[in-house]
Amino acid sequence: LVASAAFLCFAASRSRGAYTALAAMEVVITALFFLLYFLKLDKKMSWLFWPLADIFNSVIAALFLLVVCLFAVIIKTNNGTLAGGVFGLVLLVLSVVDAVLLFQKISLDRPRGRNTPAK
């Protein structure tokens, strides 16, 4: 939702293409990961460790968001760009929190599947 809000702010303010493209890309990638987990396709396509791919997505998105949204907030050509930059910085924090929580949840030495306590 935050990525959608940033995208709408950037699109409504007719900001530079990089701002709008990054926000739109994050909306699409987040929606695809949501559908992947919602439809349980990660269980069917077990050849890729999907939580690790989600961590990489969050880290890379955070790096791009840091650069682009800081430029948007610093330059602030209009109020829409400033609002989009602020939403982007909130999304940056959420991406970092997502990466940290996922990294804490996964364990590379345990078998894949449900995290059940050992008996």
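A Cβ is built for glycine as well, from the same backbone N, Cα and C atoms used for every other residue.
Fair warning: this is a prediction, and the values are worked out from it, not measured in the lab.
Per TrEMBL, domain 'MARVEL' is recorded for 1-107. Summarising the annotation, TrEMBL assigns transmembrane segment to 18-39, 51-75, 81-103.
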### Message
Averaged over the domain 'MARVEL' (1-107), what pLDDT does the predicted model reach?
### Response
82
### Task
Would you mind splitting the domain 'MARVEL' (1-107) into helix, strand and coil residue counts from DSSP?
90 helix, 0 strand, 17 coil
